[in-house]
Each structure stands twice: as C-alpha cells, then as structure tokens.
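Submitted below is the structure of interest, expressed as structure tokens.
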Amino acid sequence: MAHRAFVAFSGGGAKGIVHVGALKALELRNVEILGVSGTSAGAIVAALAASGFRADDIVDGATGSTILRELSIIDPRLRRAVDLFGGQWWRIRLLRAVLTLPMPLGWTAFLTWVALLLLGWGLQALLPSSVTFLFWLGYWLILGIAAFVISRVALGGLSDIRRFRDALNRLLQRKMFPDEAERTVLLEDFGKEGRPTLKIVSANLSQHSLHLFSPERTPKMPLADAVAASVCLPVVFSPWQIAQDLHVDGGIVSNLPAWSFDEERELDPEALTIAVEVEVQPESAYLNRFNWVPAAIRTGLFGSGELNLRISGPSEKLALPTKFGLLDFDKSAEATAAEVREVAAAAGTQAREGA
C-alpha cells in the first residue's frame with residue numbers, strides 16, 4: 001500500500017549521497033511525498049525532489065550519470081562535484097588531509113611548532129652571530145603574519161558557494177518553468193499545483209537563531225538562496241548573506257528537521273513522517289581530555305537526530321551507512337553510482353524491517 005509521507009533529509013557533506021539512495025527507495029515504494037525538508041546536503045536533495053527531479057536525475061545508479069551534466073550545460077565550469085567549491089578544491093583537500101591525520105590536532109599543532117623551531121635553529125646556525133637577534137625577530141614575525149593570514153582565510157571560508165547557487169537557480173527554473181526564462185523559483189511556488197511543500201533550515205548568525213525557509217514564512221525567498229544558506233559549512237564555505245544577515249550550515253542548529261512538519265501532521269495525522277540521516281559510526285579511537293574536540297564537533301552536527309525525531313504519529317527513521325567521508329567530493333562517477341545502489345538497497349531493507 002502506498003503511503004503519504006513527509007520526508008526530512010539530514011546534513012552530512014559528501015555523506016549526503018545517502019539521500020539519493022533513500023529517495024530512490026521511496027520511489028520504489030510508491031510513497032506519495034507531501035512535503036520535504038532538509039539541512040545542508042539534505043537541503044539540496046529536498047529542493048531537487050520538491051522541484052520534480054527524481055533520484056535517477058540526481059545520480060543514476062545504473063549509468064553513473066548525475067545532475068552535474070545538467071549543471072555543466074548551464075555553467076561549463078561545473079563538470080565535477082569538486083567544481084562546486086568555486087575553483088578552491090585544493091584548499092578543501094588540504095583541510096581534509098589535516099582533519100584525517102592519524103594523531104589529534106593538538107599534537108599536530110605542537111609537532112608543527114617544534115618543527116618550525118628546529119628549522120629556525122638550523123637556519124640561524126648558518127648566519128653570523130651578530131645577526132642572531134634580527135634573524136629571530138624577522139623569523140617569528142614572518143610566521144606570525146603567515147598564521148594570521150591563514151586564520152583569516154579559514155574564518156572567511158576556504159571557498160565560495162555562489163557559482164553553484166547561480167547554476168542551481170537556473171536549473172530549478174528550467175525544470176519548473178521552462179517557458180519563463182527570466183523567472184526565479186521562490187519558496188511560495190511549493191505546496192501548491194501538485195508540488196510538495198518544502199522547508200529548508202539554516203543557522204542565522206546575525207540573529208543567533210535557527211532560520212526556517214518555507215512557503216509560509218519566507219514566500220518571496222529564492223529557493224537557490226535558501227539552499228546556499230543551508231549548505232555553507234563553516235570554514236569550508238564563506239557564510240551566505242541574505243539581506244543584512246549571515247547564514248551558515250543548518251546542521252549547527254538542526255541537522256534533521258523532521259519537526260518542521262508539526263503543523264502539517266496535525267492536519268493529516270495519518271501521514272507518515274520519514275527521517276533520513278547518515279548512520280553515525282562510534283569513535284574508533286580512544287577518547288580522552290586531549291583529543292575530544294573533533295568528536296564534539298561531530299556530535300554537535302549529527303547527534304541531534306533523536307531530539308529532531310520526537311514526533312507524534314506514524315514515523316520511520318532511516319539511518320543509512322556510507323563509505324563516503326564528510327569531504328569526499330572527489331569520488332568517481334562509478335563509486336558514486338555504486339554507493340547510491342547500495343544505499344537504496346539498505347533503505348529498502350530498513351523500511352521493510354520497520355514495517
């Protein structure tokens with residue numbers, strides 16, 4: 001029997017590939033989607049699904065074709081997933097390398113400082129003793145300036161989402177209003193004319209609050225701007241500005257926004273709520289007071305799912321595994337297609353077991 005359902009997709013960076021597999025599984029179950037919500041990577045899938053794209057349009061598990069083919073027609077610079085970072089993928093790859101070092105970040109920073117100190121001593125030994133003071137003064141001044149510049153770049157965002165935002169805006173227009181080339185898809189275009197309602201979550205830094213984009217609250221908001229606001233993971237992307245407010249990744253405040261359909265469920269209490277999230281693996285390394293910070297960040301981003309799913313009425317929670325890492329945007333088309341197939345199968349299995 002086909003279900004009517006509200007579907008929420010969580011954040012997760014490149015791990016968000018699980019949402020395409022989940023969407024494929026829902027299509028195979030003939031689920032009638034009444035509304036979709038999403039945070040970060042989930043916001044992209046939610047926006048595409050609400051606009052009429054099917055799972056195979058996003059990533060075809062059989063052929064390996066992806067939505068990037070359509071985006072590259074709009075903007076030839078967007079041919080691969082790594083192109084979403086506005087030409088700054090090398091920075092993201094460097095960040096990924098740092099985050100995946102086998103030792104805690106604290107030890108990495110300490111050993112880097114020791115290495116720089118030893119380098120300074122080595123260079124100083126080659127110079128006359130009369131310039132030792134000037135050497136060390138200049139050496140630490142240069143290192144201080146370098147540290148300042150690196151921190152400013154990181155805090156300002158290693159990449160910019162604008163290229164993707166602009167291409168997404170045109171992609172949505174071509175899908176929903178192909179005969180209106182100048183039209184911008186707005187939040188008010190959803191929840192009517194047979195389209196599911198749509199809700200996107202971001203973190204509004206200027207207002208220190210969660211921001212919910214929806215047809216009711218922000219009807220005139222361009223959908224592409226709402227998605228851009230939701231996906232701006234701090235450090236990875238520059239914050240997205242809307243009016244005078246700065247927005248970053250919605251996962252900071254609500255990584256799995258199943259709660260956003262509270263009002264709709266009151267009107268349709270028999271509708272199913274399906275919450276799709278990335279399965280969180282337990283920490284493999286022993287945690288102590290010196291290496292707990294990365295785990296705290298992951299807990300903040302992924303640990304709120306239980307609270308976000310405390311809802312009344314029929315519901316399903318699909319926690320789907322993936323081999324992709326948070327920043328693994330450079331996976332091949334073949335690996336991406338295989339991941340979607342595996343996740344779709346896992347989602348179907350979990351749904352049958354929960355029935």
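Residue 1 is the first one shown; counting continues down the chain.
Yeah, the Cβs are placed from backbone N, Cα and C, and that goes for glycine too.
Nobody curates TrEMBL annotations by hand; they come from automatic prediction.
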Which of these ranges is annotated motif 'GXSXG' in TrEMBL: 38-42, 188-192, 308-312, 338-342?
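It is 38-42 that TrEMBL annotates as motif 'GXSXG'.
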I'm validating the feature mapping. Which of 11-16, 215-220 is tagged motif 'GXGXXG' in TrEMBL?
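It is 11-16 that TrEMBL describes as motif 'GXGXXG'.
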Over the motif 'GXSXG' (38-42), work out the mean pLDDT and round it to an integer.
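For the motif 'GXSXG' (38-42), the model's average pLDDT rounds to 97.
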Do me a favour and check the Cα-Cα span between Asp249 (active site, proton acceptor) and Ser40 (active site, nucleophile); whole Å is fine.
6
If I restrict to non-local contacts, at least six residues apart, and a C-beta distance under 8 angstroms, what lies near Ser40 (active site, nucleophile) in its own chain?
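The answer is Ser10, Gly11, Gly12, Gly13, Gly16, Ser230, Val231, Leu233, Asp249, Gly250, Gly251, Asn255.
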Under an 8 Å Cβ to Cβ limit, what residues of the same chain, 6 or more beyond the ends of the motif 'GXGXXG' (11-16), are close to it?
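Long-range Cβ neighbours of the motif 'GXGXXG' (11-16): 39-45, 81, 230, 233, 249-251, 255, 277-278, 301-302, 322, 324-329, 331.
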What counts of helix, strand and coil residues does DSSP assign across the motif 'GXGXXG' (11-16)?
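Grouping H, G, I as helix and E, B as strand yields 4 helix, 0 strand, 2 coil.
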Going by DSSP, is Asp249 (active site, proton acceptor) sitting in a helix, a strand, or coil?
strand
